[in-house]
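Quick look at what Swiss-Prot annotates:
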TRANSMEM  40-60  transmembrane segment
TRANSMEM  92-112  transmembrane segment
TRANSMEM  122-142  transmembrane segment
TRANSMEM  159-179  transmembrane segment
TRANSMEM  197-217  transmembrane segment
TRANSMEM  233-253  transmembrane segment
TRANSMEM  259-279  transmembrane segment
């Protein structure tokens, strides 16, 4: 694989995974350059997702450690009957929110008719969802208060935020990060807390995607594989660095301003997708 392909894939994954700007839309913009198939796709996707996941785990290492300790606390809760600590509540909220994205993936792969599946992945549908859900983020951010923080997360809120991921899985262009941050802002959570919880509940999903890719490598014939292990390591490293930087940038911006810059970016991205669509490009040509 060329260096350009590796860099584009890594940066696209690392930057777009955690920002509320839709990775599906970006994939469409550069699909001709980064097009992958077979074992190449499995290896590179697993590597890029793993790198991005490690970036989030490192950035939120204190929260992750608290959630892991809280998970063990949950296992003993029926016996001890003690009130849960902050880490225990966080682990429980993540546990409640996570299954929806996995369920959505099963629904998308097995129960969506092929004609609808094709329509949802068209450039027009992705462009429309990029714009529409950008507007929804704008609305939620404008109406949502700033009164609720980390300690205010309830199981009901975790359920609602987690359930919003179903939309992102089924409708490409929605953005999993974007829709969960939208839901959290609509529920009144501070912008930084909305982003933090969105990323924490994304960790199990990225882990599952990476594992799926690795399992696929073990069962897919090796013939014709162009990507090497070195390519995978390069992608993972670049995705890690760009992912860590994008998380830091997002959190810094949200401490000072609203989600409006990301909303405007989504509008521009949706318009760019429409402008590069076959019909529009043909008409302009």
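Each residue, glycine too, has its Cβ placed from N, Cα and C.
Ranking 92-112, 159-179, 197-217, 233-253, 259-279 by CB pairs under 8 A with the transmembrane segment (40-60) puts 233-253 at the top.
The list of residues near the transmembrane segment (259-279) in space but at least 6 beyond its ends in sequence, with Cβ under 8 angstroms from a Cβ of it, reads 19-22, 25-26, 28-29, 123-124, 126-128, 130-131, 133-135, 137-138, 141, 173, 178, 181, 185, 191, 253. Only residues 6 or more beyond the boundaries of the transmembrane segment (159-179), in the same chain, are considered here, and those with a CB under 8 A from a CB of the stretch are 17-25, 96-101, 103-105, 107-108, 112, 120-121, 125-130, 133-134, 137, 187, 195, 197-199, 201-202, 205, 262, 266, 270.
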